[in-house]
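Written below as structure tokens is the structure these notes are about.
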Amino acid sequence: MGAGGRMPVPTSSKKSETDTTKRVPCEKPPFSVGDLKKAIPPHCFKRSIPRSFSYLISDIIIASCFYYVATNYFSLLPQPLSYLAWPLYWACQGCVLTGIWVIAHECGHHAFSDYQWLDDTVGLIFHSFLLVPYFSWKYSHRRHHSNTGSLERDEVFVPKQKSAIKWYGKYLNNPLGRIMMLTVQFVLGWPLYLAFNVSGRPYDGFACHFFPNAPIYNDRERLQIYLSDAGILAVCFGLYRYAAAQGMASMICLYGVPLLIVNAFLVLITYLQHTHPSLPHYDSSEWDWLRGALATVDRDYGILNKVFHNITDTHVAHHLFSTMPHYNAMEATKAIKPILGDYYQFDGTPWYVAMYREAKECIYVEPDREGDKKGVYWYNNKL
């Protein structure tokens, strides 16, 4: 099949909004990764240092402008207006810093440039600034990409089976309980995952992203975990010096609250990319890499798609070709959608509606009852 070729798929690739929760195919697809790659224009795989830096520098300039306005003009506002200005700053700065987080994440995928040392340098600097242990998460995230959709080996947001639901689960299965759980997840989910592997796959031993001897890592990776920790400590020391000079309240308002927004968006984005009523999970008897990579969903965050460098609405392509730079992912997605057909899942439900729906509908997974594939698991919510 030549570039731009098409392979038959079970049904049309276009879905109505009422079809978004219909189960995607779980059979082995009639196409290969090679077929998908041939359909993508070759230039989409090329990484440009000037272009990559242009997005990073643009985000830095915007974040710096927000910081400058907040530090120089908010104190001049009458009190009622300052109560409006600070939440606006937190929301806007948190969104822009999430964009910087995404670019540092691309560095971990070697999608920023053709030079691994440059990618790692940029990624270490900017992930450390956002209190992310760069190399530590780079390696665990790489394993997530290698095992997406596997109930045994995926790294994060591994769904539970019904037997693993705690006794109090049924008491939280109501609107108030869901809102409470979502709030805890968005506020504490990211630091708890990094520190204690909460929502991650089980390991023998202390699975902590800051611990070089954690079972997450092999011997070749441990030295770089120390580098990640050094980056975090350096930023923490800088924050301490800033707080000592300018006050803790200033540090919290200018940096701490926007960082909470970043962490919340990170958890939300990841949660909605991998949690959806239509998506299967697989045990070892059924899982393979391609079907696992396709067990993801693209979402629509409106204008935030651009602010987040399209990590939200091109996630399927990202899982298939993770070294592709974000600025080519939209074109690549359009190229592969006709081949993917029903294997491609897009849900345009507003994120604030989708997060509640998924919290309600996707409580645990159970084996497929409608077919003969006992190694395929689907979400359910009947406790």
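Even glycines carry a Cβ here, placed using N, Cα and C.
The compositional bias 'Basic and acidic residues' annotation in Swiss-Prot covers 14-24.
Positions annotated as region 'Disordered' by Swiss-Prot: 1-24.
Positions annotated as motif 'Histidine box-1' by Swiss-Prot, on the basis of a curator's inference: 105-109. For the motif 'Histidine box-1' (105-109), the number of residues in each DSSP class (helix H, G, I; strand E, B; coil) is 4 helix, 0 strand, 1 coil.
Marked as motif 'Histidine box-2' by Swiss-Prot on the basis of a curator's inference: 141-145. Assigned with DSSP, the residues of the motif 'Histidine box-2' (141-145) fall into helix, strand and coil as follows: 5 helix, 0 strand, 0 coil.
Under DSSP, the residues of the motif 'Histidine box-3' (315-319) split into helix, strand and coil as follows: 5 helix, 0 strand, 0 coil. Positions annotated as motif 'Histidine box-3' by Swiss-Prot: 315-319.
Sequence annotations record features per position, and here Swiss-Prot assigns transmembrane segment to 56-76 (among others) based on sequence analysis.
Through the fold, the transmembrane segment (117-137) approaches residues 49, 56, 97, 100-101, 103-108, 110-111, 194, 209-210, 216-217, 221, 224-225, 227-229, 231-232, 234-236, 259, 262 of its own chain, all at least 6 residues removed from its boundaries and within a Cβ separation under 8 Å. The transmembrane segment annotation in Swiss-Prot covers 117-137 (among others).
Beyond its flanks by at least six residues, the transmembrane segment (179-199) meets 132-133, 136-137, 156-158, 172, 207-210, 216, 260, 263-264, 266-268, 271, 355-356, 359 of its own chain at Cβ-Cβ distances under 8 Å. Positions annotated as transmembrane segment by Swiss-Prot, on the basis of sequence analysis: 179-199 (among others).
Per Swiss-Prot, transmembrane segment is recorded for 225-245 (among others), and the stated evidence type is sequence analysis. Same-chain residues lying 6+ beyond the ends of the transmembrane segment (225-245) with a Cβ under 8 Å from its Cβ atoms: 124-125, 127-129, 131, 133-137, 209-212, 214, 217, 251, 255.
Same-chain residues lying 6+ beyond the ends of the transmembrane segment (252-272) with a Cβ under 8 Å from its Cβ atoms: 67, 70-71, 86, 89-91, 93-95, 97-98, 101, 130-131, 156-157, 185-187, 189-191, 239, 242, 297, 299, 308, 311-312, 351, 354-355, 358. Taken from Swiss-Prot, the feature transmembrane segment covers 252-272 (among others).
When averaged over the motif 'Histidine box-3' (315-319), pLDDT in the model lands at 98.
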